[in-house]
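S.K.: Copied straight from TrEMBL:
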type: TRANSMEM; residues: A:29-47; note: transmembrane segment
type: TRANSMEM; residues: A:59-80; note: transmembrane segment
type: TRANSMEM; residues: A:86-104; note: transmembrane segment
type: TRANSMEM; residues: A:111-133; note: transmembrane segment
type: TRANSMEM; residues: A:139-159; note: transmembrane segment
type: TRANSMEM; residues: A:171-198; note: transmembrane segment
type: TRANSMEM; residues: A:218-237; note: transmembrane segment
type: TRANSMEM; residues: A:244-271; note: transmembrane segment
type: TRANSMEM; residues: A:291-313; note: transmembrane segment
type: TRANSMEM; residues: A:325-342; note: transmembrane segment
type: TRANSMEM; residues: A:348-369; note: transmembrane segment
Amino acid sequence: MSAEQVSGLSPSGRAPLVSRAAALLAGDWRYVPIATAIVLIWAFFALQNPAYLTPRNLSNLCLQSVVTGLLALGLVPVLLVGQIDMSVAAMSAVAATITGQLLLVERVSVWLAIAAGVLFGGCVGFLQARWITWTGTPAFLVTFGVSLALAALQLHLLPVTGQINLYGTDIVVLAGAYLPAGLSWALVIFAVLAFAAFRLSAFVESRDAGLEASVRSVVLPTFLVMVGLAVVVGALNMHNGVPIALLLFVVPIIVLVYIGSHTKFGLYLYATGGNPSAVARAGIDVDRIRIAAFVICGMFAAFGGIVGASRLLGVSAQSSGMGTLLLEAITAAVVGGTSLFGGRGSPWSALFGALAITSISNGIDLLGLGTEVKLATQGLVLVLATSVDSVANKFANDAR
Amino acid sequence: MDGRELRRDAAAPVDADNAPLMQLRGISKHFGGVTALDRIELKLFPSEIVAIVGDNGAGKSTLIKAISGNQPPDSGTFLFNGKLVEIRTPQDASRVGIETVYQDLALCDNLDTVQNLFLGNEKITSLRSGRRLNHALMESTAREALRDIGVATIRSLRSPVGRLSGGQRQGIAICRCILRDPRVVLLDEPTAALGVEQRQGVVRLIKRLKSESRSVIVISHDLHDVVLEVADRIVVLRLGRKVAEFQRTGINASDLVAAITGVQHFARGDVRSDTSANRMARE
Ligand SMILES: Nc1ncnc2c1ncn2[C@@H]1O[C@H](COP(=O)(O)OP(=O)(O)O)[C@@H](O)[C@H]1O
Ligand SMILES: [Mg+2]
């Protein structure tokens with residue numbers, strides 16, 4: 001049976017320009033809009049105040065984006081499976097409190113204290129996901145309820161002063177330390193080589209399987225990664241160096257990106273967000289995938305809170321739990337291109353999204369515009385980002 | 001008239017010397033007070049295409065869901081190659097070699113063609129290369145399989161299937177099922193959402209399944225282009241009961257319509273003219 005015979009099963013002609021552009025934006029060019037947005041934001045604030053684009057402020061900006069970014073990173077798998085976790089901010093606060101109290105009161109080692117906090121996040125994530133999948137209650141409501149309970153738990157755990165002072169404890173290793181310049185360059189070389197090797201093996205596998213493959217798919221991305229890393233590390237080394245906290249954010253992103261595109265579990269995260277009943281009929285335990293997503297989310301939320309405590313050298317009900325952290329984290333993930341409708345997105349969206357919104361709030365602070373401008377802008381960005389997501393989702397559904 | 005048709009079945013079993021590949025015995029299913037399936041008996045022989053027809057609510061989908069393990073029946077048994085088998089989940093069905101092309105196709109619109117074709121059945125690289133998803137092997141296998149069944153014209157196997165046409169999506173759903181090398185393929189209304197030309201593509205695929213010595217059970221409302229075109233045997237359901245069973249040879253659409261509705265002289269003239277058109281189309 002030849003292909004012509006079944007022309008009924010094929011479209012003919014070229015796709016219209018709009019849908020070709022949409023395909024590009026969904027594929028290789030996925031980060032072009034958000035990267036452009038970041039450049040525009042930077043240009044705008046740099047014109048207002050030259051202090052904005054200094055290595056010192058950029059380094060500060062990176063550190064500021066890490067906490068939001070870690071929460072957003074945890075949200076990515078949950079959003080991918082088409083759910084939401086409204087408890088991430090409260091979770092980060094409680095985990096930071098647990099870690100802080102273990103350090104101060106129990107005097108356990110810093111790693112044990114961190115592990116306990118992260119473990120707590122994972123457990124709460126598991127419990128709420130088990131409840132959601134078992135009862136079928138919308139995740140929005142369950143996790144929102146849990147976040148109130150977590151806020152209460154934090155108040156209970158905090159001493160009567162309402163805050164924990166972590167000054168002088170070992171927790172400072174997370175957010176207060178920087179890589180020596182030599183080590184950072186060695187890491188860059190290692191990262192570029194690893195990336196090139198990975199690309200090369202994909203190229204060889206494609207070629208051996210008889211697929212179209214070109215060496216350009218190895219050389220060009222490797223070159224871009226090399227230039228990008230060199231610029232970032234060079235700029236950061238002009239101030240204190242590469243913050244350890246940035247590594248604690250970027251390395252998990254790379255791990256999650258790998259899981260997302262090279263493991264069954266990662267594939268099932270996307271598939272579950274796309275069509276859960278199809279996934280179930282393919283013999284995959286959908287509930288387990290969803291639960292795993294919430295566990296990852298809880299752990300990253302907890303870790304984000306602990307890194308935040310390390311940065312501020314303290315925990316209070318205000319520092320991490322309340323305020324706008326939750327909405328910032330959701331906005332970051334969505335601004336970065338992870339859809340609220342499930343099945344679309346990437347861990348990189350946490351990095352780009354967190355950088356974008358932190359760049360805005362950092363700039364507003366620098367210009368001394370005050371909280372009202374900041375709140376209004378954050379709200380506007382949230383509405384804008386989710387609207388773009390919704391329109392894109394509608395477009396994807398109409399495209400057929 | 002039901003009795004007459006059932007007797008006809010008894011008088012002319014398909015390949016009487018052949019053992020049936022699959023046999024359903026007394027399959028019943030109730031939803032509250034509704035009897036969706038009432039003691040259904042059904043045999044399926046090797047390389048045979050059986051069409052199931054019936055009005056809306058007759059129980060066709062429920063029967064398919066029972067066989068595919070999506071909705072186990074309340075009572076009744078399955079025999080496969082003469083042996084009793086338990087089918088409670090889609091995986092049980094898969095294990096004995098039954099694969100289903102669902103009415104909704106069960107595709108993930110956000111995944112690409114290759115990912116959909118291998119969903120739940122992924123190929124993994126060797127331990128030495130880290131037991132990753134073997135993207136390259138899956139893509140080349142997919143390319144070959146799609147070309148094989150004549151759906152080679154999907155422009156990019158790496159773009160989301162949500163952007164493809166109805167016919168292409170149907171082709172992918174059927175291809176996915178073929179990749180698992182089933183003995184029995186169940187198809188629930190495979191042409192319902194398709195245009196004329198795409199419908200012919202699907203009909204060709206069904207015939208191809210038979211030529212590969214697979215057995216097929218197909219649900220369809222499309223009496224002319226699908227049922228009378230491909231089926232060896234036609235089973236009529238009405239309100240959960242098997243009311244008639246025909247060999248394809250020697251019946252026409254008006255017999256079928258009468259059996260489906262239970263009205264013998266239903267729009268006789270119209271049906272007859274339909275039937276002659278159908279005959280012409282077949283010749
Ligand atoms: N999940 C269900 N819950 C309750 N009733 C159902 C369910 N599935 C099917 N039915 C009922 O069973 C009968 C047969 O339905 P179905 O198998 O879908 O018919 P068909 O596919 O032939 O149109 C109908 O009366 C339908 O309302
Ligand atoms: Mg039906």
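Glycine is no exception: its Cβ is also placed from the backbone N, Cα and C atoms.
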S.K.: Tell me, please, if the transmembrane segment (A:171-198) and the transmembrane segment (A:348-369) are in contact, taking contact as 3+ Cβ pairs under 8 Å between residues separated by 6 or more positions?
M.R.: no
S.K.: By a Cβ-Cβ criterion of under 8 Å, what residues six or more beyond either terminus of the transmembrane segment (A:244-271) are in contact with it?
M.R.: 62-63, 65-66, 69-70, 73, 76-77, 80-81, 173-175, 177-179, 236, 278-279, 282, 284, 289, 292-293, 296, 300, 303, 307, 310-311, 343-344, 346-348, 350-351
S.K.: So if I exclude everything within five residues of the ends of the transmembrane segment (A:29-47), which remaining residues of that chain have a CB under 8 angstroms from its CBs? That is, six or more out.
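M.R.: For the transmembrane segment (A:29-47), the far contacts come to 53, 335-337, 346, 348-349, 352-353, 355-356, 359-360, 362-363, 366-367.
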S.K.: Sort out the residues at least 6 away from either end of the transmembrane segment (A:59-80), same chain, that have Cβ-Cβ distances under 8 Å to it, and list them.
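M.R.: 88-89, 92, 139, 175, 236, 239-240, 243, 245-246, 248-249, 252-253, 256, 260, 269-270, 272-273, 292-294, 296-301, 303-305, 307-308, 311, 320, 325-326, 328-330, 332-334, 336, 338-340, 342-347, 349-351, 353-355, 357-359, 361-362.
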S.K.: Can you see whether the transmembrane segment (A:291-313) and the transmembrane segment (A:111-133) are touching - at least 3 CB pairs under 8 angstroms, only pairs 6 or more apart in sequence?
M.R.: yes
S.K.: Three or more CB pairs closer than 8 Å, sequence separation of 6 or more: does that hold for the transmembrane segment (A:86-104) against the transmembrane segment (A:325-342)?
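M.R.: Contact between the transmembrane segment (A:325-342) and the transmembrane segment (A:86-104): present, because at least 3 Cβ pairs are under 8 Å.
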S.K.: For the transmembrane segment (A:111-133), find every same-chain residue at least 6 residues outside the stretch whose CB is under 8 Å from a CB in it, and list them.
M.R.: 83, 85, 87, 91-92, 94-96, 98-100, 102-103, 139, 142-143, 146, 150, 171, 174, 287, 290-291, 293-303, 305-306
S.K.: Sequence-remote contacts (6 or more beyond its ends) of the transmembrane segment (A:139-159), Cβ cut-off under 8 Å?
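M.R.: Answer is 78, 83-87, 89-91, 93-94, 97-98, 101, 124, 128, 131-132, 315-317, 321-322, 326.
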S.K.: What parts of the chain pack near the transmembrane segment (A:325-342), using Cβ distances under 8 Å and only residues at least 6 beyond its ends?
M.R.: 30-31, 33-34, 37, 67-69, 71-73, 75-76, 79-84, 86, 88-90, 92, 147, 272-274, 348-354, 356-357, 378, 381-382, 385-386, 389-390, 392-393
